[in-house]
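Chemist: Here it is: the structure, laid out below.
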Amino acid sequence: MGSEKDSESPRSTSLHAAAPDPKCRSGGRRRRLTLHSVFSASARGRRARAKPQAEPPPPAAQPPPAPAPAAAQGPPPEALPAEPAAEAEAEAAAAAAEPGFDDEEAAEGGGPGAEEVECPLCLVRLPPERAPRLLSCPHRSCRDCLRHYLRLEISESRVPISCPECSERLNPHDIRLLLADPPLMHKYEEFMLRRYLASDPDCRWCPAPDCGYAVIAYGCASCPKLTCEREGCQTEFCYHCKQIWHPNQTCDMARQQRAQTLRVRTKHTSGLSYGQESGPADDIKPCPRCSAYIIKMNDGSCNHMTCAVCGCEFCWLCMKEISDLHYLSPSGCTFWGKKPWSRKKKILWQLGTLIGAPVGISLIAGIAIPAMVIGIPVYVGRKIHSRYEGRKTSKHKRNLAITGGVTLSVIASPVIAAVSVGIGVPIMLAYVYGVVPISLCRGGGCGVSTANGKGVKIEFDEDDGPITVADAWRALKNPSIGESSIEGLTSVLSTSGSPTDGLSVMQGPYSETASFAALSGGTLSGGILSSGKGKYSRLEVQADVQKEIFPKDTASLGAISDNASTRAMAGSIISSYNPQDRECNNMEIQVDIEAKPSHYQLVSGSSTEDSLHVHAQMAENEEEGSGGGGSEEDPPCRHQSCEQKDCLASKPWDISLAQPESIRSDLESSDAQSDDVPDITSDECGSPRSHTAACPSTPRAQGAPSPSAHMNLSALAEGQTVLKPEGGEARV
């Protein structure tokens with residue numbers, strides 16, 4: 001008994017504590033990891049780091065201390081782990097202060113046994129230290145994939161850069177740490193600045209090719225002259241057209257002048273050309289805000305475009321900035337497709353909407369009212385049931401909540417339906433009968449116009465599409481033939497003064513040429529073919545005109561067999577279309593005429609002197625014919641309205657075309673076979689009109705048909721034009 005009491009006494013307890021068992025761990029409960037212990041350990045670590053700095057270190061030769069009592073030999077239980085915890089905390093703080101994502105343990109806060117992370121880009125499971133955290137979103141990817149992604153986005157000017165997994169924009173600080181490339185980062189910042197400036201409507205970029213300076217000009221519309229303030233540039237440009245300053249000219253005039261200059265440079269530069277082999281240029285259009293060129297496949301895909309430079313959202317069909325309701329409005333633009341609706345389709349859609357709107361709105365209201373009255377209570381009951389389903393609540397409480405919610409929704413649903421229909425129906429009617437007609441007529445889509453005060457006129461003609469880069473290239477590619485050139489050639493090939501004038505125009509087999517077929521009795525009116533004694537003045541002309549580039553006009557004259565052939569320059573035909581390019585036009589014409597009257601000439605004007613000269617030639621030919629008539633009998637006349645001696649068809653005649661004085665020397669040198677044909681100068685050789693035949697006609701021959709003279713004019717692929725007769729051929 002006494003020994004048991006002594007062992008249980010406090011004195012015996014102190015003796016046992018003074019000699020602890022080395023196999024037992026003291027303070028095991030205090031090593032348990034809890035949230036409080038983590039924060040308390042960090043506080044103890046900070047105190048432990050501050051304590052050695054305050055106390056001086058003990059001397060090295062200090063004698064060992066005297067033996068203390070057993071109760072004071074052991075250190076406190078919490079003093080042993082405090083030193084390692086302080087060292088770990090100091091290392092973590094130093095690692096967190098280092099720039100970059102090189103030490104992921106500091107950012108992760110875990111050891112090497114942390115869970116691996118799967119990269120969403122390369123689908124490879126990696127340790128957490130290779131998947132840095134981002135400031136903008138919680139998504140993580142491997143460092144190599146992020147660097148490659150950032151380089152690709154910056155090189156293609158897709159800024160600002162978003163997260164690969166979501167639409168959150170990456171922080172520039174993260175981009176700088178991931179790239180570690182100052183030149184690429186400078187390019188990123190420049191693209192960001194350009195995108196911001198492009199969204200400013202008053203920002204104007206200097207048009208100088210070696211300048212990237214921008215001028216923000218607020219309120220400069222009235223004084224459009226701007227000056228680049230960059231040192232060494234000082235370029236003056238226009239605020240409106242954003243091009244080089246054009247004094248004493250409007251923007252349209254300056255634009256036309258630049259187009260002509262570009263056209264001339266294109267003709268004389270072999271490297272600048274466009275053809276079908278260069279690609280479909282119809283797919284290139286400028287952004288309506290920043291004018292950056294955008295290419296899109298013409299496959300009928302989505303027409304909602306977003307500019308990568310300024311972020312402008314526009315429609316590819318109408319090239320206008322749009323909103324979310326653009327494709328639901330009566331603009332004629334469709335979300336998919338290659339072209340907008342035609343004017344006829346838009347008008348029919350408008351009429352159908354105006355007529356069918358009351359029926360459609362009534363059906364919508366009739367369906368919406370019962371759907372809301374029945375659907376709202378059902379929806380409320382299901383939501384309340386799903387909310388109480390996962391909770392541990394009594395069944396009576398849940399049923400009471402569901403019943404109360406459904407009852408209130410049954411009472412409120414008719415009111416909600418009535419308010420919705422009462423507000424929605426007037427809005428729909430106002431949209432159909434107000435917004436739709438006004439928007440269509442304001443944009444010219446309805447085709448309603450006033451016909452000179454005679455009433456309202458509805459036009460169903462198709463609208464012209466927007467002018468694209470391809471249209472400009474086509475204009476530069478084929479500047480010689482067009483609608484205006486056809487009109488000019490029509491006025492050139494036909495002359496007035498004959499009741500049988502006529503001209504028909506048809507498209508040739510080549511896209512770069514235009515074929516003109518003319519059937520006219522007055523084309524050479526006033527000439528020998530419609531003279532007083534000649535009843536034949538029918539002339540068929542078929543010409544192919546092609547633009548050629550030569551340094552100067554050339555022509556030659558020759559004769560083959562009995563027919564007279566003329567090689568002449570007809571650049572004036574094309575000059576009537578484009579007088580500025582007269583020196584670069586060349587057209588070779590070969591003429592053969594079936595009837596062969598002698599010493600008759602086709603002159604290029606209808607002046608009185610030329611007419612008198614032709615009369616003198618006719619008189620000389622008649623005298624020669626009367627003097628030598630005994631030797632050879634003239635063929636009988638086929639006309640009933642003329643006499644045998646006066647009929648021109650019964651006598652041989654020679655015809656020559658008068659040439660300009662500028663090429664008379666060439667003609668005289670090549671006229672060895674046509675010495676009997678006299679030369680005649682033309683006063684109108686430099687005019688843009690074509691050379692027509694002119695000679696006086698007698699009253700008896702006016703308006704007579706001319707079936708015996710045929711002239712066919714055909715064009716070679718190389719640009720030469722050959723005129724072939726039915727009876728022979730002459731080369732020009």
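A Cβ is built for glycine as well, from the same backbone N, Cα and C atoms used for every other residue.
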Chemist: Pick from 287-318, 351-382, 543-574: which range does Swiss-Prot record as zinc finger?
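Modeler: In Swiss-Prot, residues 287-318 carry the label zinc finger.
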Chemist: Round to the nearest Å and give the CA-to-CA distance linking HIS326 (Zn(2+) 5 binding site) with CYS307 (Zn(2+) 4 binding site).
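Modeler: Distance between the two Cα atoms comes out at 17 Å.
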Chemist: Near the transmembrane segment (354-374), which same-chain residues lie under 8 Å Cβ to Cβ, leaving out any that are not at least 6 residues past its ends?
Modeler: 413-414, 416-418, 420-421, 424-425, 428-429, 432-433, 436-437
Chemist: Counting by DSSP, what is the helix, strand and coil composition of the zinc finger (287-318)?
Modeler: 0 helix, 10 strand, 22 coil
Chemist: Just give me the nearest neighbour of CYS241 (Zn(2+) 3 binding site) among the binding-site residues CYS206, CYS228, CYS233, CYS287, CYS307, Cα to Cα.
Modeler: CYS206
Chemist: Same chain, outside the zinc finger (287-318) by at least 6, Cβ under 8 Å from its Cβ: which residues?
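Modeler: 156-158, 194-195, 198-199, 242, 280, 326-327, 331-340, 466, 469.
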Chemist: Among the binding-site residues CYS241, CYS333, which residue has the largest number of other Cβ atoms within 10 Å of its own Cβ?
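Modeler: Output for this query is CYS333.
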Chemist: When secondary structure is assigned with DSSP, how many helix, strand and coil residues does the zinc finger (186-251) contain?
Modeler: 14 helix, 13 strand, 39 coil
